[in-house]
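Features as listed in TrEMBL:
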- 6-25: transmembrane segment (TRANSMEM)
- 16-263: domain 'G-protein coupled receptors family 1 profile' (DOMAIN)
- 37-57: transmembrane segment (TRANSMEM)
- 77-95: transmembrane segment (TRANSMEM)
- 115-133: transmembrane segment (TRANSMEM)
- 180-201: transmembrane segment (TRANSMEM)
- 213-235: transmembrane segment (TRANSMEM)
Amino acid sequence: MLFVLFLSFYIFTLMGNLLILLAIISSSRLHTPMYFFLCKLSIFDIFFPSVSSPKMLFYLSGNSRAISYAGCVSQLFFYHFLGCTECFLYTVMAYDRFVAICYPLRYSIIMSHRVCAILATGTSFFGCIQATFLTTLTFQLPYCGPNEVDYYFCDIPVMLKLACADTSALEMVGFISVGLMPLSCFLLILTSYSCIVCSILQIRSAEGRRRAFSTCSAHLTAILLFYMPVVLIYLRPTPSPWLDATVQVLNNLVTPMLNPLIYSL
């Protein structure tokens, strides 16, 4: 039953994001900065669930639950690389909406092709640095005890439980690193939307205000769906394996599936 449920989520995620990509690529009217960033988000929403879902579906279909050490390292790296890049991408998309609504006459100059390319490349670059840092910290520990990962994929909290060394300092560094980066991005997003709200409230016509709010509502919904699982999993002082696993499934499968629906509506 779980195999069929998660496979359905995964297929809908792939189909939805591929349709968004095809729509943006095929329509010249959608070759704007907002849809350029949405196109990159769709690409990452295809790869993000692909880090853990195929292996999980493989387990659920009755096959071996073993994973190699290299496979475990790869899962952890790509999970955090894609997740961190999406976090930075949401911040860039908030800045794009801020420029579009607060400086509409200068929008095409500020968000030029060169600037968009730099911002898009920067999100992947800093996401890679963050993921490399977290992966190196996690796997520099000695793993000489039990080798059973009490989770459905390799992530930092469960890997630290398997280390046969003191992990308190590493847990603190990881907590600051994983918590500080999303918090900084979230504060930047809040700043952008505070400016956007102030600008929208100055629009005299009700129709103008409605149109301005509608361009931001999809992005705000996607941000809430993205950040809530991060807070629940990584920023709670006392982790709960069952709650973490449930929230992580929602984060890995349901959110990437909902993004195309949110943005296309």
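Glycine residues also receive a Cβ, built from the backbone N, Cα and C atoms like all the rest.
A quick note: this is a predicted structure, and the numbers were derived from the prediction, not measured.
Here the transmembrane segment (115-133) sits against the transmembrane segment (37-57); at least 3 CB pairs are under 8 Å, leaving out pairs fewer than 6 apart in sequence. Long-range contacts of the transmembrane segment (37-57) within the same chain: residues 3, 6-7, 9-10, 13-14, 17-18, 20-21, 24-25, 67, 71, 75, 78-79, 82-83, 85-86, 89-90, 92-93, 96, 116, 119-120, 123, 152-153, 252-253, 256, 259-260, 263, each at least 6 residues beyond the stretch ends and with a Cβ under 8 Å from a Cβ of the stretch.
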